[in-house]
Amino acid sequence: MLYKTFFIIIKPVLFHWILYPHVGQEDENTDRGNWSSKREYMLSMIGYAVGLGNVWRFPYLAYKHGGGAFLIPYTIMLAVAGLPLFFMESSFGQFCSQGPINVWKAVPILQGVGITMMLVSTFVAIYYNVIIAYSIYYLFASFQYPLPWSAKDCNSTGLLDCFFSKEAPLNVTAENQTCRNEFTAGQSPSEKYWDEVALQRTSSMNETGPVVWHLALCLLLAWILVGAALFKGIKSSGKVVYFTATFPYVVLFILLIRGVTLEGAKDGIEFYIGSKSNLTKLTDSEVWKDAATQIFFSLSIAWGGLMALSSYNKFYNNCYQDSIIVCITNCGTSVFAGFAIFSILGHMAHVYQRPVSEVADAGFGLAFIAYPDALSKLPISPLWSILFFVMLITLGLDSQFAGIEVIATCLQDAYPKLLKSKRGIVTTAVCIVLFLLGLPCITRAGIYWVNLIDTFCAGWILLVAGLLEVLGGNRFIKDIEMMIGSKSALFWLWWRACWFFITPVVLSIILVWSLYTFTSPTYGSVAYPDWGISLGWCMTAFCLIWIPILAVWKVYKATFVIQRIKEACSPTEDWGPYLECHRGERYGTRGATDPNIFVISNKFTTRL
């Protein structure tokens, strides 16, 4: 009897877990699943928004554009471009519990924008995991002393001798002179290690060369980590982010404490955001363009990830409050990371007896050349190097989780009956395909491919998607109130102004300015061949072409010629909250003949 009772209780739970591992017993949405807790959702959103750009791009932009003065346009652009779009995307996904393609059932003529988002996320996922692979390789290389990219005579002879010293063991004039000579002679040791050992880089994109096998193995490990974390969808990734979203802050705090105790740290911070701030830079249009661009890309707007992650929220979650918290956390992290980065770069400049401006860098130059070089000058340098590259890996993984979630969510939303119970298989298949597509990026010419995809697929395509998004989604206020409750007209005054006018104008100006100032990409001093540039434009066209194609198709499929455009701009019959219990009078009830078709209330046309 006890056995039968146990079997009766356990059998349905076990059956549900096997068939639907991405859905919990207490989930509100039993088809798609929900986040196990609000904490997991917030950590995932913060981890997605806070990425490598917060560490390797923002501090350099702040230094380049007047230090503390750069925070003025940065904050303004957060208010007029970043927050409005972040709030809109999060609300979109949560409202209809769908990924970035199906949310455009609200405005079918723009459904191609969702496909563009998914394709961009696909291209970015290919090369983003290559960057994680670089970090994994450097992490393994950090388990030796001295560090393999350190300069001769530029390290301590003892591992523990100077652990509690205030300054690095570079106080001997002869040794300083050696380091300084190596810096001025041409490539620094860290730059040579990056080019000749890690990448084994060829002289141009025309010389592909063989696969660099140590990078191939690191790339495989990176995809295994991603696949394992996402095997059960948000149910597994939500647990992983407890570490990956919080550990970078621990490392940044440790690096900051160590950095400010080093000689020369003050000079680095002064260059970053100190008394040398230049308010006259605010008259330069380039400063405002870079501030807006950094906000836009830092918050991961128009990638589809915000919609995908928020689509697993419960319907009455306060997405407005969440958006404010995530955006402020993201921008605060950027500022905080700058202190940790420039305090140590200031010490590096002191060691080389060079101006900070000559050692500061952004992107790959900061993450894999300048900062590792600076860390190699510290006592017990392997420890600091290990912490730094584990931080880069965790920063990258969080963003990569959301990118793969976009692809998997779009596939499952497109084929719900076929893929509903096969989340692990979908994730595994996506990771295998993207690993194979990433192999050109770990050949000896791989860095050229990474830079090419980054330039043409993660650039102004997102500005186009964001602009169309805000133009098509500005009829959404009443729907948001269904989730977060009614708000006063004064509350919506700012958001109406942004969604209807300010944000579209800002994005249009940035887009036009970006196209006007566009120059062919280079990697350092190496120019790309004509066929490489052409291939880049083909990738851009492939991502964007679906917007006009689907727009024309939706108009063509409409019933009457006169009403075609109107119908293509009106919501489809199945648009609205995913669950019937949330539809209320505004969206009516399910149709009697087809459980997947909804009868729409005519109140949609009077939202505003």
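Each residue, glycine too, has its Cβ placed from N, Cα and C.
Residues or ranges marked as transmembrane segment by TrEMBL: 41-58, 70-88, 109-140, 211-231, 240-257, 291-312, 324-345, 383-404, 425-447, 453-472, 493-516, 531-556. The Na(+) 1 binding site annotation in TrEMBL covers Gly47, Val50, Asn54, Ser298, Asn330, Leu395, Asp398, Ser399. TrEMBL lists Ala49 with the feature Na(+) 2 binding site. Sequence annotations record features per position, and here TrEMBL assigns disulfide bond to Cys154-Cys162.
By the Cβ criterion (distance under 8 Å, sequence gap of 6 or more), the transmembrane segment (109-140) is counted as touching the transmembrane segment (453-472), at least 3 such pairs being found. The Cβ of Asn54 (Na(+) 1 binding site) lies under 8 Å from the Cβ of Ser298, Asn330, Thr333, Ser334, Ala337, Leu395, each on the same chain and at least six residues away in sequence.
Here the transmembrane segment (291-312) sits apart from the transmembrane segment (531-556); fewer than 3 CB pairs are under 8 Å, leaving out pairs fewer than 6 apart in sequence.
Three or more CB pairs closer than 8 A are found between the transmembrane segment (453-472) and the transmembrane segment (70-88), so contact between the two stretches is assigned (pairs 6 or more residues apart). The stretches the transmembrane segment (211-231) and the transmembrane segment (324-345) do not meet in space: the count of Cβ pairs below 8 angstroms, excluding pairs fewer than 6 apart in sequence, stays at fewer than three. When Cβ-Cβ distances under 8 Å to the transmembrane segment (41-58) are tallied for each of 70-88, 240-257, 383-404, 425-447, 531-556, the top count falls to 383-404. Here the transmembrane segment (70-88) sits against the transmembrane segment (324-345); at least 3 CB pairs are under 8 Å, leaving out pairs fewer than 6 apart in sequence. Under a cutoff of 8 A between CB atoms, and with a sequence separation of 6+ in the same chain, the neighbours of Val50 (Na(+) 1 binding site) are Ala245, Pro248, Thr329, Asn330, Thr333, Leu395, Asp398.
Excluding the listed site residues Gly47, Val50, Asn54, Ser298, Asn330, Leu395, Asp398, Ser399, the same chain places Ile46, Tyr48, Ala49, Gly51, Leu52, Gly53, Pro248, Ser300, Thr333 with Cβ atoms within 8 Å of the centre of the Na(+) 1 site Cβ atoms. Long-range neighbours of Gly47 (Na(+) 1 binding site) (same chain, six or more residues apart, CB within less than 8 Å of its CB): Val241, Thr244, Ala245, Asp398, Ser399, Phe401, Ala402. Take the transmembrane segment (324-345) and the stretches 240-257, 383-404, 425-447, 531-556: counting Cβ pairs under 8 Å, 240-257 has the most. If one looks beyond the transmembrane segment (383-404) by at least 6 residues along the same chain, the residues whose Cβ comes under 8 Å of a Cβ in the stretch are 44, 47-48, 50-52, 54-55, 121-122, 124-125, 128-129, 131-132, 135-136, 138-139, 142-143, 147, 225-226, 229-230, 237, 240-241, 243-245, 247-248, 251-252, 254-255, 258, 300, 303, 305, 308-309, 367, 371-372, 375-376, 427, 430-431, 434.
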